[in-house]
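K.L.:
Below you will find the structure I want to go over with you.
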């Protein structure tokens, strides 16, 4: 695709610089998207011009540059007076590296084998599956932008989840739409076909499970996949959406019923549905099982760094970043991951039965753990002795005087106290806080 290595390195450099500018914008998204519950108001807030409040140093032209400008503004923004964190500089550089990594994995240099050696594809990619004789540059660059949008959405969701333990709809819903529309426009952006099965394994399953006798055996890949490319793209995205969100939702429901507490947040459900809409149901299933391993590795690294006093990170972290990390591992390592797990996904209809059995095993395991906890004298989650926390104290103080303006003239006052009690938006709506 790019003939000379020198030109390829130049493109990588330009993409890195572009990634720095995009990272500057993503920092803005991380700060502003969580301020609104719905997606449209959240994105309107992202593009609003910052209003300058108070007296701050004059702005300079280099303040609008990534890395350099952000580093000069660390502490307080001259545009609006908001606090600028030192990590924003590192995030801009990190995003530039992510853009280059996505480019190398989707469009490798000719010295590595060119487009046929991309790590986001296997022998089942669109060219081999549909019998294409040539690949257009539009398809190659479109696939790069498609997966780059997924990476950037995971970037924003991860660092919002780090800060607030939430994944707002303003991140996942627009990306979900892009995932579906992108699959339809690209036709061949999938990592694996929507369905692949080994006829011999299907026949073996029919002998073991009589209910599968009517399951059609039409070869390794259904015939309609070769005939209806657009329908196949829609099926990849739709099934990935359902399976990605459905796995986490099932765990959430089972954990809630057995443990009587929230096992996984609803933001994780939407995040996995978004990921499935991009990469399909087989990769998103691998992401679900790979995320706990990523969590163990990251927590082990954090524990070592905390022990050596090299890093100040809380011991508890949200689960969304591990799902994002597992997605990047699956996406960029798909060329090597799929051959290792392909045999499992060739089971065909037996996969459905195995999925149901795994949910039953999960339920029984959680029930046994709860029973063992009771035998050991460990109180379940719902029987724990409640403690009076800081949030309870704040609620108590708030209830002492519900409306501070009752019986007084309407006046404008500083909103810091209201913000500390979680009532700033309410008082701004009443028009009494600036």
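Each Cβ is built from the backbone N, Cα and C atoms, and glycine gets one as well.
The transmembrane segment annotation in TrEMBL covers 6-26, 89-109, 144-166, 173-196, 230-251, 287-308, 320-338, 344-369. Taken from TrEMBL, the feature domain 'Prepilin type IV endopeptidase peptidase' covers 236-298.
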K.L.:
Hey, which bits of the same chain come close to the transmembrane segment (6-26), Cβ under 8 Å, at least six residues off its ends?
P.N.:
66-67, 69-70, 91-100, 103-104, 109-110, 152, 155-156
K.L.:
Can you work out which residues elsewhere in the same chain, 6+ from the ends of the transmembrane segment (344-369), have a Cβ less than 8 Å from its Cβ atoms?
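P.N.:
Hits for the transmembrane segment (344-369): 192, 196-198, 201-202, 205, 209, 212, 215, 220, 250-251, 254-255, 258-259, 282.
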K.L.:
Which of 89-109, 144-166, 173-196, 287-308 has the most Cβ pairs closer than 8 Å to the transmembrane segment (230-251)?
P.N.:
173-196
K.L.:
Tally Cβ pairs under 8 Å between the transmembrane segment (173-196) and each listed stretch (89-109, 144-166, 287-308), then give the stretch with the top tally.
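P.N.:
Most Cβ pairs under 8 Å with the transmembrane segment (173-196) come from 144-166.
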K.L.:
For the domain 'Prepilin type IV endopeptidase peptidase' (236-298), give the DSSP counts of helix residues, strand residues and coil residues.
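P.N.:
Each residue of the domain 'Prepilin type IV endopeptidase peptidase' (236-298) counted once, the result is 56 helix, 0 strand, 7 coil.
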K.L.:
Residues of the same chain, at least six outside the transmembrane segment (287-308), with any C-beta under 8 angstroms of its C-beta?
P.N.:
244, 247-248, 272, 275, 279, 315, 317, 319, 321-323, 325-327, 329-330
